[in-house]
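If you look up TrEMBL, you'll see Ser148 marked as active site, phosphoserine intermediate. Residues annotated as Zn(2+) binding site in TrEMBL: Asp100, Asp348, His352, Asp391, His392, His501. Annotation source TrEMBL lists Mg(2+) binding site at Asp100, Asp199, Thr201, Glu343. Per TrEMBL, region 'Disordered' is recorded for 1-36, 550-569. Annotation source TrEMBL lists transmembrane segment at 48-68.
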Amino acid sequence: MTRSEEPLLARPTSPNSSNEENIEEEDALLTGQSTHRGPNKFARWREIGIFVWALIATVAVIILAVVYQHESSIQRHRTGGWGSDGRPTGKRNMIFMVSDGMGPTSLAMTRNFRQHASGLPIDEVLVLDRHHIGSSRTRSTSSLITDSAAGATAFSCGFKSYNGAISVLPDHTPCGTVLEAAKRAGYMTGLVVTTRITDATPACFAAHANRREYEDLIAEQMIGNYPLGRVVDIMIGGGRCHFLPNTTEGSCRGDGTDVVAMAKDKFDFSYIDNKKDFDNLDARGGVKLPLLALLANTDIPYEIDRVHVSDTYPSEAEMAEVALKALSAATKESDKGFFLMIEGSRIDHAGHGNDPAAQVHEVLAHDKAFAAVLKFLEEDNTEGVLVSTSDHETGGLAAARQLHETYPMYRWYPEVLANASHSGEYLSAQWHKFLDSSSTLSQKDKQDKLADLLTSGLGVVDYTQEEIDAIINAKPIWPPSYLFADMVSRRAQIGWSTHGHSAVDVNIYASHPDHAPGLVGNHENTRVGEFIAEYLDLDLEPITEELKSKGVKTSGGEQGDQEWGEWMGPHGLPINENGLLVHIDEYHGDFKHRKREAEFGVDCGCGMRH
Ligand SMILES: *[C@@H]1O[C@H](CO)[C@@H](O)[C@H](O)[C@H]1NC(C)=O
Ligand SMILES: *[C@@H]1O[C@H](CO)[C@@H](O)[C@H](O)[C@H]1NC(C)=O
Ligand SMILES: [Zn+2]
């Protein structure tokens with residue numbers, strides 16, 4: 001017999017199967033053939049055993065097949081509110097999720113990390129991975145690299161605008177948003193974020209400002225103190241400091257306006273400001289709308305830090321679930337559903353901080369929130385659609401990094417991220433607290449403290465003297481938070497090309513491709529805004545006209561004299577003779593720019609442009 005004619009399962013006797021009988025048994029298990037051995041008193045029992053084993057295996061295979069079938073057909077049995085004529089029909093809900101700053105590499109890095117950390121096989125992908133339907137091109141009118149304001153204006157109005165624009169067009173006129181139009185059309189509306197509720201992404205849905213930095217103004221508009229009145233039914237997130245008068249501890253307002261009092265008295269909001277009241281919403285008779293829940297003074301901590309204080313701050317998924325339940329209950333008797341925007345806001349911040357450990361946990365938290373929304377859509381009586389995308393990528397993230405002149409090994413090390421239990425931001429705060437605790441700290445005190453922080457917070461035990469010295473001597477322009485995060489990135493061999501945003505296309509996800517047919521493939525980001533309006537059958541033009549018409553001085557009437565001309569704040573950017581924003585849509589001349597920006601002084605981090 002030649003080698004190629006050997007039976008497939010023939011093999012030489014190995015130390016592990018030292019006799020004929022074992023080989024036969026193994027072959028029987030593999031081939032399902034009987035072993036043809038003579039009767040002995042255990043044979044019957046063995047046959048029964050094999051039968052039971054086969055039965056269990058078959059049942060297991062069927063169960064796995066059902067589970068897999070279920071997973072791969074998520075949402076397929078729901079129409080998503082689409083009629084047989086290819087048009088949306090009937091009562092329906094739209095949930096729009098934004099993963100701020102999450103580019104394609106964030107997904108690969110997080111998927112790799114999760115498989116490593118949880119010991120999962122390579123086909124155990126993220127929930128988002130199974131719902132990828134397309135990609136979005138993100139440039140703004142003022143730059144090839146957008147910021148979150150121009151990015152969210154594309155989603156809210158369906159128009160490109162300049163970086164920094166809060167639902168305002170390049171000619172500094174307001175554009176009606178999908179949330180405003182949805183409210184007018186009879187839908188209920190909500191915003192859920194993990195950063196300040198006045199930050200660019202949520203602001204673009206329910207406010208209009210010439211610059212994103214006008215967060216005090218944006219806070220007032222979002223509760224209803226602007227031409228359209230109140231348009232949001234539920235807001236959950238951080239950013240309390242912009243709602244408290246400057247006479248109050250924890251305020252970051254520039255004036256004495258009490259926006260919380262205004263929300264309660266003038267616009268009938270119920271207000272909560274802590275996790276305990278958030279957890280007790282059900283016990284207190286359910287969510288009373290409109291609800292303003294400001295659960296952090298500024299940002300909700302990164303997920304990697306939040307899990308240590310989960311009794312103080314809720315997760316993105318927990319906030320999403322409360323909003324979904326409240327909006328579903330509030331629209332139960334209505335023939336119109338709701339529009340809810342949910343943002344995983346701080347994926348972007350982890351990108352700005354070049355902090356890969358913080359980022360993978362942010363992406364996982366967003367993935368969990370995405371799964372929670374899918375579950376809601378599966379179970380709710382009303383049809384609905386989930387669409388999720390990013391406004392842009394942040395950090396120029398690469399899941400590879402060449403550290404030496406020698407040609408690199410093809411590796412990156414998720415175990416380094418798995419070792420970290422805190423973010424660079426958290427460690428930096430701890431470090432500053434320590435520095436402020438005494439004016440007589442010795443060099444040794446500082447080194448010991450850093451050794452402790454690096455070991456306990458990052459799981460980095462092989463720190464060098466240079467790294468310790470760099471943190472002790474850090475300058476504000478390159479702060480300790482960057483240095484902590486860089487220690488993790490280098491060890492993990494994760495690369496970053498910027499502390500800002502990048503121009504790469506970002507992914508689009510949906511509950512099912514059939515639920516968002518207009519977003520399958522590669523699109524300008526404005527297509528996302530257009531899709532939301534089409535799905536909810538909204539006309540944004542009358543809202544735009546109303547906003548513009550109220551941009552003039554009115555006299556008398558119920559509200560007395562009002563000067564709406566300045567209601568969106570000063571322009572803040574140069575306008576050319578045609579009344580258009582001066583574009584910088586040509587080669588920017590990096591070195592010249594850096595010099596000009598340096599004249600404005602070092603950024604304190606408080607007004608960082610995200
Ligand atoms: C608080 O705001 C008022 C204006 O409303 C201003 O006059 C005052 O200087 C502010 N106080 C502080 C401490 O910023
Ligand atoms: C993780 O931390 C442990 C100590 O807690 C350390 O011994 C180990 O080397 C670290 N692993 C990596 C990959 O940094
Ligand atoms: Zn950003």
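Note that the numbers count up from 1, one per residue, in the order the chain is shown.
In case you wondered, yes, glycine gets a Cβ from its N, Cα and C as well.
TrEMBL feature annotations superimposed on the structure.
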residue	record	contacts (Cβ under 8 Å, 6+ apart)
Asp100	Zn(2+) binding site	Ser148, Thr195, Thr201, Glu343, Gly344, Ser345, Arg346, Ile347, Asp348, Ser390, Asp391, Thr394, His610
Asp199	Mg(2+) binding site	Ser148, Val193, Arg212, Glu215, Gly239, Ser345, His610
His392	Zn(2+) binding site	Gly101, Gly103, Thr138, Ile145, Thr146, Asp147, Ser148, Gly151, His501, Ser502, Ala503, Val506
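The 10 Å shell around the Cβ of His501 (Zn(2+) binding site) contains 27 further Cβ atoms across the protein chains shown.
Local packing around the Cβ, expressed as the count of other Cβ atoms within 10 angstroms, is greatest for Glu343 among the binding-site residues Thr201, Glu343, His352. With a cut-off of under 6 Å between the Cβ and any atom of ligand 3, the binding-site residues Asp199, Thr201, Glu343, Asp348, Asp391, His392 reduce to Asp348. Those same-chain residues not listed among Asp100, Asp348, His352, Asp391, His392, His501 yet with C-beta within 8 angstroms of the centroid of the Zn(2+) site C-beta atoms are Gly101, Asp147, Ser148, Gly151, Ile347, Gly351, Ser390, Glu393, Thr394, His610. Other Cβ atoms within 10 Å of the Cβ of Asp391 (Zn(2+) binding site) number 33 in total over all chains.
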